[in-house]
Amino acid sequence: MAPDSLKDSGKLMMLEAGFHLDKQHLITLLHIVDKMICSCSFLYALRRWKLISFNGGESLTLTDNYTTFVPLKTLIHTLPLALTYLLYMLTTMESVRGVNVPMYTTLRRTTVVFTMFVEYILSGQRYTRPIVGSVALIVLGAFIAGARDLSFDSYGYAVVFLSNVTTAIYLATIARIGKSSGLNSFGLMWCNGIICGPILLFWTFIRGDLKMTMNFSYFLSPGFLVVLLLSCILAFFLNYSIFLNTTLNSALTQTICGNLKDLFTIALGWILFGGLPFDILNVIGQFLGFLGSGLYAYYKLLGK
C-alpha cells in the first residue's frame, strides 16, 4: 500500500484541491518528495532528537554514525531491499501509462497470488486451504468487479503483472531484511530512503519526468505546496504502517490489507466526486473482495 495508498490518497487530495496533475508525474512528484525529502527529513529529525531508534532494542543515545545512523555493514545489508524497491517503483510508474483504471485496479489485486508464490520460493512458506480459499475469493471478486471494463492489451497486462511480481518481491524482502538486519521499521525506511533517493532522482531526471513535474503550473502555489506537504505526511505514516505490518506479520497479510483500503477509497471517491454509475457486477465483485479479506483475517486469528 504505500504504494497504492500513497497514490490514491495523494491524488484524491490534489484533485479535491483543484490541482489536476498527470498521473505519471503525480506519482513521480509524490515519491521523490516523500522518499527524498519528507521521509528522510522526518526520520533524521526524530533520530537526532532521540525520539526513535533504528534498531530493535537500541538505546536512543546517539552512539552511531551521525551521517547514516546505522553501521555501513548494515546499510550494505539492506541493498537488496533498495534494489527491489527501485524495481517496484520503475514497473509501477510504467504500469500506469496507457492502462485504464478498472483494468489496472483489477489486475493489481492479483498481487496476493504472486505474493504467495514469492513467499513460497524465498522462505518455503505454505498456506492452509482456508487461507488459499480466501485469496481465491479476493481475486475472483476483482475480476467480477472489472469485468465490464477489461480490454485486452498485451503490453498493459504484461507490465501490470510484472509490477505485481516486483511488489510481491519487495514486500517479501522487507520481511526478510527486517528479521536478518536487526533494524526496526524506522531503520528500514531510513536505509531504503537514503539509498533509493538519489538513484530515483537521477532516473527521473534522465527520463524527463522530473523536468515536466517541476514545470507544473501550480508547483510553487502555496495551496499546492500545503496539499503536497499534507499528502507526504500521510504517505510517511502509510509507509511506516507497511514496514511495520510486513515485518510483524507477513508480506501476504500486508498485500491483503492493501486490498481492504479499496473500501475507503471507493467510499471517499463517492463522497468527494459522486456521479458513480451503479453496476451490479462491480458491487458483487467488491463484496467478494471484502469478504475474502475478512475471511483471511478471521482464519489468521484462528491460526489456521
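Yeah, the Cβs are placed from backbone N, Cα and C, and that goes for glycine too.
Here's what TrEMBL has on this protein:
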DOMAIN    70-296  domain 'Sugar phosphate transporter'
TRANSMEM  26-46  transmembrane segment
TRANSMEM  66-88  transmembrane segment
TRANSMEM  131-148  transmembrane segment
TRANSMEM  154-174  transmembrane segment
TRANSMEM  186-206  transmembrane segment
TRANSMEM  218-244  transmembrane segment
Long-range environment of the transmembrane segment (131-148) - Cβ separation under 8 angstroms, sequence gap at least 6: 102-103, 105-107, 109-110, 112-113, 116, 252, 256, 259, 279, 281-282, 284-293, 295-296, 299-300, 304
Overall pLDDT for the domain 'Sugar phosphate transporter' (70-296), taken as the rounded mean: 81
